[in-house]
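Going by Swiss-Prot, these are the annotated features:
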- Arg71, Gly76, Ala77, Val78, Phe79, Lys134: ATP binding site (BINDING)
- Lys134: (R)-lipoate binding site (BINDING)
- 29-216: domain 'BPL/LPL catalytic' (DOMAIN)
Amino acid sequence: MSSLRLLISDSYDPWFNLAVEECIFRQMSPDQRVLFLWRNADTVVIGRAQNPWKECNTRRMEQDGVKLARRSSGGGAVFHDLGNTCFTFMAGKPGYDKTISTQIILNALASLGIQATASGRNDLVVINGEDERKVSGSAYKETKDRGFHHGTLLLNADLSRLADYLNPDPKKLQAKGITSVRSRVTNLVELLPGIDHEKIRTAIEQAFFAYYDEQVSAEVISPQSLPNLPGFTEQFAKQSSWEWNFGQAPAFSHVVDTRFTWGGIELHFDVLHGAIDRCQIFTDSLNPTPLEALAQRLQGAAYRPDAIDKICQHWIDDFPELQTELQQACHWLVEVLR
């Protein structure tokens, strides 16, 4: 039986691909060496210890239909579209060695005429003109008996969209968690016009086979054609859940404020595990009672716009004589938290 395994995903769903990756990693034989190749449609992928509200413009992502996906490895936030090729190398220990997988990617690029080098924070860089530019970023995960190295290659990504989604709104947010380091990047198409996913995928496959002097047939994975992956349904449910993608954020505080014709309001939130642990409201309104009641209602609520909107609607029902003013406040609060 071959020690190599090659898997290719036909799905562009980040939650599907990350669930497949996690299941294969848990269930692989310790003597196997696995290469998994995949792509995600519009997605921001964050590291295991990151805070999405700090890293991302969550409101813009929701407006544009961009998914958020938290991976199980560390590292920073990245934007994926179909101009990226994603790779994952897995191996049991002591065979797992991220320098080997890095070399395979470098060999694949060299076979296409692209000279890249490993640099700094798990990056691959090229010289573009007089500048050194990043074309690949990676992250890693290790357990007692195995490890994986996964990353992306920028082929023809829409780099203008990085700034749209990887910069948070200018909110008054004091947050713990790992902050992404922004790098100067370039697409491989700038160096090799005509490069596409199929070409780079084939080059990586061939470099993988050449390194280990062995070839295997690819297993193509899709939602309609899953390999035997016990626990996949549960893992996909986790990867796609708000509780994992948002609720795993480290504790943080958030202050929002605005002014209406009837008075100004300022809300202080302490958020823990994606829920409002403490809420304080300050106001110069002549009738602060409804706002004090809102602060009490928000205690313990999930820190997500739909949950807060539902609470606000019940709150408004308690003060029918102030419906217009409280609807204003509700609409503002739900929008500012997106």
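Note that Cβ sites are derived from N, Cα and C of the backbone, with glycine treated the same way.
Quantities reported herein were computed from a predicted structural model and do not represent experimental measurements.
For the domain 'BPL/LPL catalytic' (29-216), the mean pLDDT of the prediction comes to 90.
Look at Gly76 (ATP binding site): DSSP puts it in coil. Mapped onto three states, the DSSP output places Lys134 (ATP binding site) in strand. Around Arg71 (ATP binding site), the same-chain residues at least 6 positions away in sequence with a Cβ under 8 Å from its Cβ are Leu18, Val45, Ile46, Gly47, Arg48, Ala139, His150. Pairwise Cα distances among Arg71, Gly76, Ala77, Val78, Phe79, Lys134, which the record gives as the binders of ATP, peak at 21 Å. Within the same chain, residues at least 6 positions away in sequence whose Cβ sits under 8 Å from that of Val78 (ATP binding site) are Val44, Val45, Gly137, Thr152, Leu166.
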